[in-house]
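Notes for the one structure printed next.
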Amino acid sequence: MTNLNASQANHRNFILTGIPGTPDKNPWLAFPLGFLYTLTLLGNGTILAVIKVEPSLHEPTYYFLSILALTDVSLSMSTLPSMLSIYWFNAPQIVFDACIMQMFFIHVFGIVESGVLVSMAFDRFVAIRNPLHYVSILTHDVIRKTGIAVLTRAVCVVFPVPFLIKCLPFCHSNVLSHSYCLHQNMMRLACASTRINSLYGLIVVIFTLGLDVLLTLLSYVLTLKTVLGIVSRGERLKTLSTCLSHMSTVLLFYVPFMGAASMIHRFWEHLSPVVHMVMADIYLLLPPVLNPIVYSVKTKQI
């Protein structure tokens, strides 16, 4: 019990930083962030509304797209409000429990998005492999259970993280190097060994995001094998074009994450705080903004 309360006894709040070295420009950064937030809500809200009111879009593909849009909105609502409070209202403080809650939701919705992308990849495979039985295979019940399974997995793997953080003592700086709370940043402020936290975080990344990448690649290999079996070249290209939106979304989500992870691993000691901040922001902020644009441009039904 003493260890569990140690962090709260030492730090009752954290200080979230804006972009390092630009305190005078922080208010101006609120405008593009506010624009991104508004664009995210409008874009994903429009996707949800169009799918709801248009009967021709009541198909498995668009139900999965609705889940993706809801996830994007939830992820944005977990990050952007705290960023706006820093840049717009100059209110960088966040209480310890609120920081842990924000960290929990950011990681949960990040893993949910990864799981939804895997589901959408196999949705494309089923649609191409068994077009005549597509709707009968991916029924409403199957889609609902898939969504519940994706959310349950995310909650279960992230659930221990708040308790691991609460067991750490924070007796030095309480300044976080980001505009929102993340597990890796919070544990770096601890004045005790974080080996367990680091090991658990690595396990989560490998067995969630890593596994999801492999499953997505597998689905595309199976899809490509099916497409190559189509005799007509025109039909092959037409079939492949139905996967472009999903492929773009996958690249938007995984490439920034892998790029950031690679750079941090190789150049950790030489990277400036600004680079850390920008990489994290690209990974968390851009996909929710760009996903509805990608689907609107590349999906003529929407």
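Note that Cβ sites are derived from N, Cα and C of the backbone, with glycine treated the same way.
Residues near Cys191 (disulfide bond) in space but far in sequence (CB under 8 A, at least 6 apart, same chain), listed by position: Pro169, Phe170, Cys171, His172. DSSP assigns Cys191 (disulfide bond) to coil in the three-state reduction, placing it in neither a helix nor a strand. Among the features that Swiss-Prot reports, disulfide bond is placed at Cys99-Cys191, with the record citing sequence analysis.
Residues annotated as N-linked glycosylation site in Swiss-Prot, with sequence analysis given as evidence: Asn5.
Mean model confidence for the topological domain 'Extracellular' (1-27) is a pLDDT of 60. As annotated by Swiss-Prot, topological domain 'Extracellular' applies to 1-27 (among others).
Within the chain, the topological domain 'Cytoplasmic' (49-56) has long-range Cβ neighbours (under 8 A, six or more residues past its boundaries) at 62-63, 65-66, 301-302. Per Swiss-Prot, the feature topological domain 'Cytoplasmic' maps to 49-56 (among others); the stated evidence is sequence analysis.
The topological domain 'Extracellular' annotation in Swiss-Prot covers 78-101 (among others).
Through the fold, the topological domain 'Cytoplasmic' (123-141) approaches residues 59-61, 63-64, 219, 222-223, 226-227, 239, 242-243, 246 of its own chain, all at least 6 residues removed from its boundaries and within a Cβ separation under 8 Å. Look at Swiss-Prot and you will find 123-141 (among others) tagged as topological domain 'Cytoplasmic', backed by sequence analysis.
The topological domain 'Extracellular' feature in Swiss-Prot is assigned to 163-198 (among others); the stated evidence is sequence analysis.
The topological domain 'Cytoplasmic' feature in Swiss-Prot is assigned to 220-239 (among others); the stated evidence is sequence analysis. Residues in the topological domain 'Cytoplasmic' (220-239) partition by DSSP class (helix H, G, I; strand E, B; coil) as 16 helix, 0 strand, 4 coil.
Annotated topological domain 'Extracellular' per Swiss-Prot: 261-276 (among others), in sequence order.
The feature topological domain 'Cytoplasmic' is assigned by Swiss-Prot to 298-302 (among others), with sequence analysis given as support. For the topological domain 'Cytoplasmic' (298-302), same-chain residues at least 6 beyond its ends with a Cβ under 8 Å from one of its own Cβ atoms are 47, 50-51, 54, 56-57, 62, 244-245, 248.
According to Swiss-Prot, the feature transmembrane segment maps to 28-48 (among others).
According to Swiss-Prot, the feature transmembrane segment maps to 57-77 (among others), an assignment based on sequence analysis.
Sequence annotations record features per position, and here Swiss-Prot assigns transmembrane segment to 102-122 (among others). Sequence-distant contacts of the transmembrane segment (102-122) (same chain, six or more residues past either end, CB-CB distance under 8 Å): 61, 64-65, 67-68, 71-72, 74-75, 78-79, 82, 94, 146-147, 149-151, 153-155, 157-158, 161-162, 165, 180-183, 186, 204, 208-209, 212, 215-216, 219-220, 223, 246, 249-250, 253, 284, 287.
Annotation source Swiss-Prot lists transmembrane segment at 142-162 (among others). Outside the transmembrane segment (142-162), and at least 6 residues removed from its termini, the chain residues within Cβ reach (under 8 Å) are 60, 63-64, 67, 100-101, 103-104, 107-109, 111-112, 115-116, 119, 183, 197, 200-201, 204, 207-208.
Swiss-Prot lists 199-219 (among others) with the feature transmembrane segment, giving sequence analysis as the kind of evidence.
Tertiary proximity for the transmembrane segment (240-260) is limited to same-chain residues at least six positions away from its ends with a CB under 8 Å from its CB atoms, namely 68, 113-114, 117, 120-121, 124, 127-128, 209, 213, 216, 220, 223, 227, 279-280, 282-283, 286-287, 290-291, 294-295, 298-299. Sequence annotations record features per position, and here Swiss-Prot assigns transmembrane segment to 240-260 (among others).
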Tertiary contacts of the topological domain 'Cytoplasmic' (220-239) (same chain, 6+ residues out, Cβ under 8 Å): 121, 124-125, 128-129, 247
Packing count at Cys99 (disulfide bond) (other Cβ atoms within 10 Å of its Cβ): 25
Distal contacts, the topological domain 'Extracellular' (78-101) - CB-CB under 8 A, six or more residues away: 7-8, 11-18, 26-27, 29-30, 33-34, 36-37, 40, 109, 162, 165-166, 176, 179-181, 186, 284-285
